[in-house]
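K.L.:
Sending over a structure as structure tokens; questions will come in a sec.
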Amino acid sequence: MKDLLKFLKAQTKTEEFDAIKIALASPDMIRSWSFGEVKKPETINYRTFKPERDGLFCARIFGPVKDYECLCGKYKRLKHRGVICEKCGVEVTQTKVRRERMGHIELASPTAHIWFLKSLPSRIGLLLDMPLRDIERVLYFESYVVIEGGMTNLERQQILTEEQYLDALEEFGDEFDAKMGAEAIQALLKSMDLEQECEQLREELNETNSETKRKKLTKRIKLLEAFVQSGNKPEWMILTVLPVLPPDLRPLVPLDGGRFATSDLNDLYRRVINRNNRLKRLLDLAAPDIIVRNEKRMLQEAVDALLDNGRRGRAITGSNKRPLKSLADMIKGKQGRFRQNLLGKRVDYSGRSVITVGPYLRLHQCGLPKKMALELFKPFIYGKLELRGLATTIKAAKKMVEREEAVVWDILDEVIREHPVLLNRAPTLHRLGIQAFEPVLIEGKAIQLHPLVCAAYNADFDGDQMAVHVPLTLEAQLEARALMMSTNNILSPANGEPIIVPSQDVVLGLYYMTRDCVNAKGEGMVLTGPKEAERLYRSGLASLHARVKVRITEYEKDANGELVAKTSLKDTTVGRAILWMIVPKGLPYTIVNQALGKKAISKMLNTCYRILGLKPTVIFADQIMYTGFAYAARSGASVGIDDMVIPEKKHEIISEAEAEVAEIQEQFQSGLVTAGERYNKVIDIWAAANDRVSKAMMDNLQTETVINRDGQEEKQVSFNSIYMMADSGARGSAAQIRQLAGMRGLMAKPDGSIIETPITANFREGLNVLQYFISTHGARKGLADTALKTANSGYLTRRLVDVAQDLVVTEDDCGTHEGIMMTPVIEGGDVKEPLRDRVLGRVTAEDVLKPGTADILVPRNTLLHEQWCDLLEENSVDAVKVRSVVSCDTDFGVCAHCYGRDLARGHLINKGEAIGVIAAQSIGEPGTQLTMRTFHIGGAASRAAAESSIQVKNKGSIKLSNVKSVVNSSGKLVITSRNTELKLIDEFGRTKESYKVPYGAVLAKGDGEQVAGGETVANWDPHTMPVITEVSGFVRFTDMIDGQTITRQTDELTGLSSLVVLDSAERTAGGKDLRPALKIVDAQGNDVLIPGTDMPAQYFLPGKAIVQLEDGVQISSGDTLARIPQESGGTKDITGGLPRVADLFEARRPKEPAILAEISGIVSFGKETKGKRRLVITPVDGSDPYEEMIPKWRQLNVFEGERVERGDVISDGPEAPHDILRLRGVHAVTRYIVNEVQDVYRLQGVKINDKHIEVIVRQMLRKATIVNAGSSDFLEGEQVEYSRVKIANRELEANGKVGATYSRDLLGITKASLATESFISAASFQETTRVLTEAAVAGKRDELRGLKENVIVGRLIPAGTGYAYHQDRMRRRAAGEAPAAPQVTAEDASASLAELLNAGLGGSDNE
């Protein structure tokens, strides 16, 4: 029997293939697939349940219903293999051929394929250059189309109605040819000469200038070329033969009660066959034209419904009023073939159960219930039982296991040893959602999980369930052990920090044991070592918190990596000395000699991993957990109501606030403040009161007064349980304690506005009904938000994975010198992220020099690890150019040096690592922690936004970058440049603070001067924008005519008069073309030139500008000539959280984007139109000026005559990433997206490495638009893969030809996913129909480069361990070796089979 199985296995040989091609099927091709024509709509005989002949389930066409048995029963058994029964015509073979044999239907009249007709843009329409409306009218028999005009005045493709057709017939007789229906379209398509048409269009393209026409022509050329190149014929878009799906893929299953469950496809096929047969009969009868026409139309509709039901007109419904599922519905959507069956298969050998805590487990173990283990490891147990001779057959083994005999349990123990299992918790948001453990058999029915891996799984023990999977093959077990074992996943791939970090109880226990306490029992002792400390504690002679001196032996690694001992007496506590016993050798004592909070413990594990490596860290983590649990239990920390201490001052603070509110109410009633001001002030008062209460409360909780040994009072950190939990980072936060013991504070209304009466009570006092009611809204909104957030975050992750899935590390070094400059992230006065955090684990792109010298500090191509980063910090390096995936030169994939360190492993990344997916998971996984809301800025926040000065925090020296300035009459610097930055440098040369300085700011200190901390270095008026003169002289008014271009206004309060320039809309007809300006002249009245140019100093004034000078006044440089009031933009909403991240990755244009200068040059304003200003930028080199129309209401940042650089901001607003890419380049757009995304995550306290965002940006920049084709095959304006252009240009340049020039494109992640070269990947993402239609017409080849395509075709993915397999396959292919599948010829096969059968099936037991 075994030989027989072996033989049958050898028959199915695996196909080796490198690519998959999709194309249109020609009628002959469809016939060649088919095993016979389906002529009847019948399915099976309702009495015998046998398939009807020539019907949809016909056994003659599709194969036998039972294995090796014909329908009438004449031939049975294996020996008649391949015989065709002469009675019923069925071939004797396996039933499974019914899954692969297709049939066909010969259509009596051609029908159009709806995908090529209706999937926009319509391929048939584009090819014929006819509107879709017209084609539809022809296809559905409403009008005629002219196919051949002959000698008449009718043109080809002209549409004729019934009457026009009859008139033409009368006039011309049979001179011309016009038809209707699909045959007409087919004739048109058939008679097209694609190549000639192509030539013609190319000529037209060269002649035309209009942009829209060009676009249309390129579209058509591309389609025609695709047809020519792929060998598809246009007329194949019209079906003359319809393939029929194999019957087992559209099953018909009898239910009990004589009814049938059937696939909808059978109904759809039946309609097609019925209508087709009726049409044949009508044609044979030569029925009247109108009847035949109607039948043809119905046939077209039936075929449409079969292919894609509901795409045209109403969907055909079944008996239960639900639309039938057509072929297109089978493959698209979440329930379609791609996502349901090809990418999401179910797994055999798996189980699931509830999880509970296993605090006694080691990190690499999990507790597995015996019942589950027995079921999961069945095949192994059967095998072992047979091997041992305890069971003769599988059946006997099965019986033994079912009876649960004693020997079975022993064998289970053996089988399980060293056999890892995979544990998975849904939702699997990142790769740490599946990890491998060694099972430990336990009683009960719940899986036990190690507490430290909960953070990675995001699991808790409130009823979560987890699934167990068994890796069956040896390779799978190896991979699980080497790569997926929980002990090998200590660092998070998102940020390279430990993810196996104790939380909650463990943190509390460690914090409690490392706290110190004044005058505790045993204070002042001197102990010989940690052992003695533990003995004293256990015997009750010393408290854990007692301050003692202990002799400690530390070990330090020397230069050779050997451990060197060093013993000293340390001031410490008993608890810390006890904890030292579990710390591995090689770490300094300082790391435990402090009160350990969560952050400190995380840092401790990180240090341990970096110094000592993986194994000691794992053991240490386990020991930390055991110790933490033990001492948390001993601490007895618990929460009682008295722990929530309400500050005495609370009452008084609240009554003060109430008094202030009453006062403002009075002011409002007497009309001194407006309603809006009153509201904002009230809210400010309450917010301040809340802060005071919570400060008083925290001060109260934080410290307690105790008597020390000398009898004096001393303050020490409190041992209040609630405070300890918050302080250690175990649970809770200051904000939560505030609600428990302070006051709840202000609440929001459903519309997002703040209710002005706060909740003054806290939870300890309890809320009254009104307060409770106000709180309900926020609570409910929180829950609703969470539900929305999960869905949105999941969808973002899906899009990210899809765009990045094919990015794999494919080579070691691409050799590029490109890279991005990394500087610390500084916002205002604080360093948000120091340089070391940003460059750690990256590779330098250029030599890093010692500041101020030419000495090389770090050579190029160095992977910066911790020690290098220390060196950079010591030498206070401020900027490092590092390699980045965005600038990597590898064609498909990236190189290891551009990526840098593998964050989860701590060394340079390996080849074959799937960095795209890791990046997508790292960005998507914290998505659920981001907020969903848009922030309304109102009240206190909006007033703070109008800053008017810069006050530095630290002392140091000032450094100004991209600055133009003049000195005013009082000797201060006045800034006249737009994007000036002011940085504060400390004495080591490090940047500490960074500020933007606006135009017109007055600086108190100049470049390079020293400042003290807290000094104000710059100030300006936030409400107006000044016009600063750069020269001294006398003011001369030009075109400033009272009543025409200006008007005089007098301020009521001060009595000063000023001139206001009128807006062009307010001027009289005479003043329309005048340009009011201030000219600076010298004493003789000659023009003064702007220094460094030959332009006269003349300042044009925009509308609404206020001038407070008189004609002829003497002024000096740096003085303000005029002021332009800035309209306050009102309260702007800031999109934050998840929607913001999605907007950035989708590269959406903001509503009113900033306007950037397209070229460098001098600004001037041309003729205005109604509502728009014409901005003209004239380049200095005299080339063509650039013009742009800008709406009047936009506030411009530039004056006439000012010089701007390409990419400078002309009008403020959110910048559009596309503009940044176009004007400032790839690095600028990368920096913009990375910084903006990081801002959102940083606000939530989530750390993500920049690399991951850069990986996604690289994928967004995959496409380029051809600007000039050169000698390449590309079309101008065509969008192509960037790597394709690079490869083509390299080849062209090697042959001495001109390459194509291109501009990079930024695509949103959805667009980029759909625009990938792999049609399989795109089709399984979204818009399946459109993608497949496009691919088929173009005859695309899918090279199966990405991960997704390979999963879909069922191969190992070309990443990780599969990467080597694919490399090897390619190498073997290149060497021309044959695939290793055994080849068997038909004769050999039948001979060996006969031999086997003759030997008898019973005789093989003796083996």
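Backbone N, Cα and C atoms are what each Cβ position is placed from, and that goes for glycine too.
Annotated Zn(2+) 1 binding site per Swiss-Prot: Cys70, Cys72, Cys85, Cys88, in sequence order, evidence recorded as sequence analysis. Annotated Mg(2+) binding site per Swiss-Prot: Asp460, Asp462, Asp464, in sequence order, evidence recorded as sequence analysis. What Swiss-Prot lists as Zn(2+) 2 binding site is Cys814, Cys888, Cys895, Cys898. Per Swiss-Prot, N6-acetyllysine is recorded for Lys972.
What's the neighbourhood like for each of these?
P.N.:
Less than 8 angstroms from the CB of Cys70 (Zn(2+) 1 binding site) sit Ala59, Pro64, Lys76, Val83, Cys85, Lys87, Cys88, Val90, Glu91, Val92, each of them six or more residues away in the same chain.
In this chain, no residue six or more apart from Asp462 (Mg(2+) binding site) has a CB-CB distance below 8 Å. DSSP gives Asp462 (Mg(2+) binding site) a coil state; it is part of no helix or strand.
There are 22 other Cβ atoms within 10 Å of the Cβ belonging to Cys895 (Zn(2+) 2 binding site).
Sequence-distant contacts of Lys972 (N6-acetyllysine), defined as residues of its own chain at least six apart whose C-beta falls under 8 angstroms from its C-beta, comprise Val1002, Leu1003, Ala1004, Gly1118. In the three-state DSSP scheme, Lys972 (N6-acetyllysine) is classed as coil.
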K.L.:
Given Cys814 (Zn(2+) 2 binding site) and Asp460 (Mg(2+) binding site), what distance in Å do their CA atoms have, once rounded to a whole number?
P.N.:
45
K.L.:
Given the binding-site residues Cys72, Cys888, Cys898, which one has the fewest other C-beta atoms within 10 angstroms of its C-beta?
P.N.:
Cys72
K.L.:
Going by C-alpha positions, which of the binding-site residues (Cys72, Asp460, Asp464) is nearest Cys898 (Zn(2+) 2 binding site)?
P.N.:
Asp460
K.L.:
Identify all same-chain residues not among Cys70, Cys72, Cys85, Cys88 whose C-beta atom falls within 8 angstroms of the centroid of the Zn(2+) 1 site's C-beta atoms; report them in sequence order.
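P.N.:
These residues sit around the Zn(2+) 1 site: Leu71, Gly73, Lys74, Tyr75, Glu86, Lys87, Gly89, Val90.
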K.L.:
Restricting to the chain of Asp460 (Mg(2+) binding site) and a gap of 6 or more, list residues whose Cβ falls under 8 Å of its Cβ, or answer none.
P.N.:
Cys454
K.L.:
Please report the Cα separation of Asp464 (Mg(2+) binding site) and Cys888 (Zn(2+) 2 binding site) in Å, rounded to an integer.
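P.N.:
Cα of Asp464 (Mg(2+) binding site) to Cα of Cys888 (Zn(2+) 2 binding site) measures 43 Å after rounding.
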K.L.:
Measure from the Cβ of Cys85 (Zn(2+) 1 binding site) and count the other Cβ atoms within 10 Å, all protein chains considered.
P.N.:
20
K.L.:
Return one of helix, strand or coil for Cys814 (Zn(2+) 2 binding site), based on DSSP.
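P.N.:
Cys814 (Zn(2+) 2 binding site) sits in coil per DSSP, no helix or strand.
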K.L.:
About how far apart, in whole Å, are the alpha carbons (Cα) of Cys895 (Zn(2+) 2 binding site) and Cys72 (Zn(2+) 1 binding site)?
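P.N.:
Cα-Cα distance, Cys895 (Zn(2+) 2 binding site) to Cys72 (Zn(2+) 1 binding site): 64 Å.
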K.L.:
By a simple count, how many Cβ atoms lie within 10 Å of the Cβ of Asp464 (Mg(2+) binding site), its own Cβ left out?
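P.N.:
Its Cβ shell of radius 10 Å holds 17 other Cβ atoms.
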K.L.:
Three-state secondary structure of Cys72 (Zn(2+) 1 binding site) from DSSP?
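P.N.:
The residue in question, Cys72 (Zn(2+) 1 binding site), is coil (DSSP, three-state).
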